[in-house]
There are 2 protein chains.
Amino acid sequence: MPVNLSTPVAAQLLPVAGVSLGVAEANIKRPDRKDLLVMQFCDGARVAGVFTKNRFCAAPVIVAREHLAQSAVAGSTGIRALLVNTGNANAGTGEHGMRDARTSCAALAGLLGCKASQILPFSTGVIMEILPVAKIAAGLPGAVTNMRADNWLAAAEAIMTTDIVAKAISRQVTIDGVAITITGIAKGSGMIHPNMATMLGYIATDAKIAQPLLQAMVAEAANRSFNCITVDGDTSTNDALMLIATGKAALPEVADAGSKAGKALQAAISEVAIHLAQAIVRDGEGATKFITVRVEGGTSEAECRKIGYAIAHSPLVKTAFFASDPNLGRILAAIGYAGIDDLDVAALKLYLDEVLVAENGGRAASYREEEGQRVMRQSDITIRVVLGRGAENATLWTCDFSYDYVKINASYRS
Amino acid sequence: MPVNLSTPVAAQLLPVAGVSLGVAEANIKRPDRKDLLVMQFCDGARVAGVFTKNRFCAAPVIVAREHLAQSAVAGSTGIRALLVNTGNANAGTGEHGMRDARTSCAALAGLLGCKASQILPFSTGVIMEILPVAKIAAGLPGAVTNMRADNWLAAAEAIMTTDIVAKAISRQVTIDGVAITITGIAKGSGMIHPNMATMLGYIATDAKIAQPLLQAMVAEAANRSFNCITVDGDTSTNDALMLIATGKAALPEVADAGSKAGKALQAAISEVAIHLAQAIVRDGEGATKFITVRVEGGTSEAECRKIGYAIAHSPLVKTAFFASDPNLGRILAAIGYAGIDDLDVAALKLYLDEVLVAENGGRAASYREEEGQRVMRQSDITIRVVLGRGAENATLWTCDFSYDYVKINASYRS
C-alpha cells in the first residue's frame, strides 16, 4: 500500500489556461482501463523537457527529442500536443518502433489539424514488444472528443502502470499581483533500483516563460526531484519530464532566472516536481516505508549523493527497514562501500530521525535499541549522515523493500 | 534451495600436510552450532591474503592486515594460525572492537604457544554488536583439542552463517612428478548485491611458494573468482580470501609465476577459488537459478564487467529470472544504463544460452518466445552479450531474486 499517499482530489487540481486533456480506453494491453492520454496546448505554448540518458532509449524518446529540437528552431511552429500510452513502452523495438512512434504522431496530428512534428510521443509499459499502433489510432478520436481543461485527475489515471495511486498536484503563486497556476501529473512506482522504472512527469503553467529559461527550469526541477530518486544520469529507456508554459496568464514574459518572478516560478515548479517525485517513492512497488536519506557535511554534493545512493540502493538496508529492524550496521557498511576513498568513518555521525545511532566508528554510547526500534516502526523515517568534512549536502528519497516488490516484478507481464 | 549444489563429501576433501583444523560450539549467537574455527599451520608455512576495501572495514580485518604485514618482514616469525568466528562480525564496534580482536588472538596464542601477532582473526555475522570475547576464549580450548588434518568439512560447516550448504573442494595437480594438494573452504550466501555479504575463503596448499608470488597468486585467484561475484573493490566490512602454502610437499620452492610449476599452481588455485565463489552464488539467499553473465567483444575488460554488473545487479532482471519470464527487454535496459556512453545498442547481440534474443536494437527476427521460455525454465542459464566492438571479455556469476531473499534478510537478526 502506498505510504501516506492518497488519490488526489479532482477539485484541487486546477486547470491551466491553454491546456486541455483527453483520455481513452484503447485496450493496448488490457481492456477496461484508461491507457491513452492526449494533452493539447494553445497556440504559442512553449514546451521543454529532459529525457532518459539510457543508451537503449525507446523509439518515442528519440522521436520526441527530434520534434522538440525542430520546434525550438526560430520561426517554426510549436509543439501542439503530447500523446502518452501505457501498456507498451515501444522500447527495444528497433526501426519498427521508430515507424510506429511516427505513425502514432501522424494519427493524432490528423485529428488535431497540425503536423506530426508538432506532437511529442511517450510510451510506458512492457519492453521489446511491438506497439499496437492500430489500437492507438482507434482510441485517439475518443480521447480528442472528450478533451477538457479540468481533466487532470483522469489524465493522471490514464498514465498509471503498476502505480496504485494517481499522482497529481496543483500550486498557485502570485507574482506581481497575477495568480499563476502550476499543475503536474506523474507516473512511476518501481523504486528499488529506480533507474529501471519508467517515470513520466508533465507539469504545465499558464506563465509565459522564454524558451531558454523554460529548459533551464525543467532541468533544475528534475535535478531537485526526479533525479533525487534515481541514479545520476542513469534512467530507464523511457523516462521524461516535460514542462509546458502556455503564456495565457496576464504576466509579462519571464526570461531571467535571477529575477523575482523567475525565482518564484522556479520554486513553485520545483515544489510540484518534488511532490510528484516523492509520490512515486511513496507508491514504490511493495513499499511500506518512505525513507528520506540526508547526507550532510560533505566536500561536494556529488560525494553526498554517492553516499546517499549507496544507502538508498542497498537491498540489505531496505529489507531491514521493511522488517522495522534497526540493523544499522548495514547502513554503516553501505557508507563504507560508497567509494569515497578518503572517508574517515570514525568522524561521521549517523542518525535515525533525531536518534544518534553511531559515532566514533561504532555504536553511539547514548544509543538505546528501543529508541532505534521506535523510529523504525514509523512509516516515514529519515536517515541522516553527518560527514563532518565540508559544507555540502544532498537529500534523496527511497522506500523499503518487501515481499510484494518481488511479487509485482516477478509477475508484471502475466 | 541451493542451485545444483550439494554438501561436499568429507572423504573427497584432502588433508593438506602442515594444516590442522579444529572447531567448537562457542555459543556466540546461538547454542548447538559450530561457530568457531582454528586453522593451525606448521612452522615455515606462508600466508597471503586479500581483504575488503570497504572504508568501514571490521576490527578483525584491521588486525589481520597488521599481523600479516608484520609477518612478512624478513626474519620475523610467521603466521601460525587463523581464528574464525561466526555469529558476530565485530564491525562498526570502534576501539572496543579492536581490543576484542586482539584479545581473541592473545587467547589463542596462549593455547598454541605463539605470539598474538602470529594469529589472524576473522569474524562474520551481525554488525555493530560487541564481540562476546569471553565465549570465544571459553570455546577455544575445545577447538584446539580436537584439531585434525582431515577436519575440512567440519571447518567449512563452522564458518557458515546464512549458508545452507557447506562449501569446500580439493584439487590435486602433479608437478614434476610431485602430487600437490589444494583444499579450500568458503562461506557466504547473500548475493543480490554481493558487496554487502561477507565472503570468507581459505585455501591451503602443501606447495612451497615464495611470499611475493603467494601474494600475487591470491590476488589473481580472487580476481578470477570472488571478484566476479562482487563489485570491483566494493566489498563487505569483513571479506577476506587467504592463501596458505605450507611447503610440506617435496617440490622445490616456486617463485616464478611464468614457470611451468607457477602456471600449474595458479591454475589449480584459481580453479578451487572459482568453485568456491560459484558455490556462494549457487547458495545465494533464496536463489532458485544460477546465472552466468558473459559479456564479449568489448574494448576493455572493465567495460565488459561494467555491463555485466549492470545486468547482474538489476532487481528487475533478477525477479524476471525468478519468474522464468523471458522479459528480456529488462536486460537491454540494464545494458543501456551501464554507463558506456558511446555504446551502439544496435550493434550488439543478446543470447540466452544459444538462443539469439536481440539484435539491431530490438527483438531478433528469428526469436521465438517459446525458445526463451524453455531456457528460462532451466536452473543454470547463461546470458551472453556480444558487443562487437573489441576483443575483450568478462564473465560474472549471479543468481535470481526471490521472495525468500526478502524473507531471509528481513529476519536475519531475529
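Yeah, the Cβs are placed from backbone N, Cα and C, and that goes for glycine too.
Bear in mind that TrEMBL entries carry predicted annotations, made automatically and left uncurated.
Annotation source TrEMBL lists substrate binding site at B:THR161, B:LYS187, B:THR198, B:GLU285, B:ASN409, B:SER414. Residues annotated as active site, nucleophile in TrEMBL: B:THR198.
Taking the features listed in TrEMBL, we show where each one sits on the structure.
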residue: B:THR161; record: substrate binding site; Cβ within 10 Å: 20
residue: B:LYS187; record: substrate binding site; Cβ within 10 Å: 29
residue: B:THR198; record: substrate binding site; Cβ within 10 Å: 29
residue: B:GLU285; record: substrate binding site; Cβ within 10 Å: 26
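Secondary structure from DSSP puts B:GLU285 (substrate binding site) in coil.
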